[in-house]
């Protein structure tokens, strides 16, 4: 026989359980306190190490040498005398130019904190005389010396091949900040008084990690805030994805392609020599390094915080499809800034659309017929889709590399595939971890925030 005390406890719980709806709650999911995104210096150093790693395996395939193996020292294998140290130095400096830039910015921020008013002669002397000037002098002198020797041996075409990707990257950066550059005054008076320098220092590139993370999301019943936010995030994410593609090509070009171009065509005595090139194998390596570099740099360029803002905007945005009912369309009012209800049929430009809201919201703020809004919602309505598809691509790369590893017979191919698979395994597990974290945050059965912080310890 159950006591009245237990009945008084159980009955209210049953009543409250019956009142809980089966549908998912409207609005944004709770978002825990996230750690700061990866710093630029950490990400650039990681990418630089991978690019040097790719350069090493390319030289391994070109000159077929493993100095730690005892059987590698016979004349048919050991070909390190063919390696041009000036080409190697020049490629290494070009691959590390972004790391040098990050070190320069880190040093500047450190001394700005030590000397905020820039009125201390001591800190200015330490910054420029003992750190920045020697660093810049050593790098520039080493690069110019190596470039001079390469130009003498291979001609001026070699200088064009070395500098062209760097110039393209600079033009790409200037293209995205061209509107801000027009606002900066370059008159002699502005340059003399430091106004030009302050204006240039105030320009932030869309590829910087903190650009766009300070955007404030607004839950409004109007369309214009969400449409403007979608346009802004679309431009930021498009710029960052293009930058990842350019950096991936930049790394694969310098690590895989240029060592093939600068293979010596003459012996030390001046006789012509033929160097066998495995074209298909080098193309396979180029594609692998390109995709792996893209996904490594995307972890830095597309942090979870930015994707969370995109998901919040996509939740309000919704999308439009063709109507599935015979309901009479309601003409869209020009200049109307009120969000449309879900499943409402509207007409725009003699085309009939049906509003489709997100499952966690009840209104649609997108513009009928706007392809940017449709693509934005398609990519960001599910916060886990990007990480999931990235894991699929990494799995495909690993499967292809494993198949080639099974079929490989040359020892340099086996070493190359093992090293490439290791890099892709690391990248796969990082994306899989991000997928688990994001899925855990947006899951229905969420745990306490204190327990959640354990899973968010990201480097």
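Cβ atoms here come from the backbone N, Cα and C positions, even for glycine.
Note that this is a predicted model, so its numbers are computed, not measured.
Per TrEMBL, the features are:
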TRANSMEM  39-61  transmembrane segment
TRANSMEM  81-100  transmembrane segment
TRANSMEM  121-144  transmembrane segment
TRANSMEM  156-177  transmembrane segment
TRANSMEM  241-260  transmembrane segment
TRANSMEM  280-300  transmembrane segment
TRANSMEM  386-405  transmembrane segment
TRANSMEM  411-432  transmembrane segment
Does the transmembrane segment (39-61) come near the transmembrane segment (386-405), with 3+ Cβ pairs under 8 Å (pairs 6 or more apart)?
no
Tertiary contacts of the transmembrane segment (280-300), as residues 6+ beyond its ends and Cβ separation under 8 Å:
37-38, 40, 43, 46-47, 50-51, 54, 57-58, 61, 209, 241, 243-245, 247-249, 251-252, 255-257, 260, 390, 393-394, 397, 401, 404, 413, 416, 420, 423-424, 427, 430-431, 434
For the transmembrane segment (386-405), find every same-chain residue at least 6 residues outside the stretch whose CB is under 8 Å from a CB in it, and list them.
284, 288, 291-292, 295, 298, 302, 307, 379-380, 413-414, 417-418, 420-421, 424-425, 427-428, 431-432, 434-435, 438
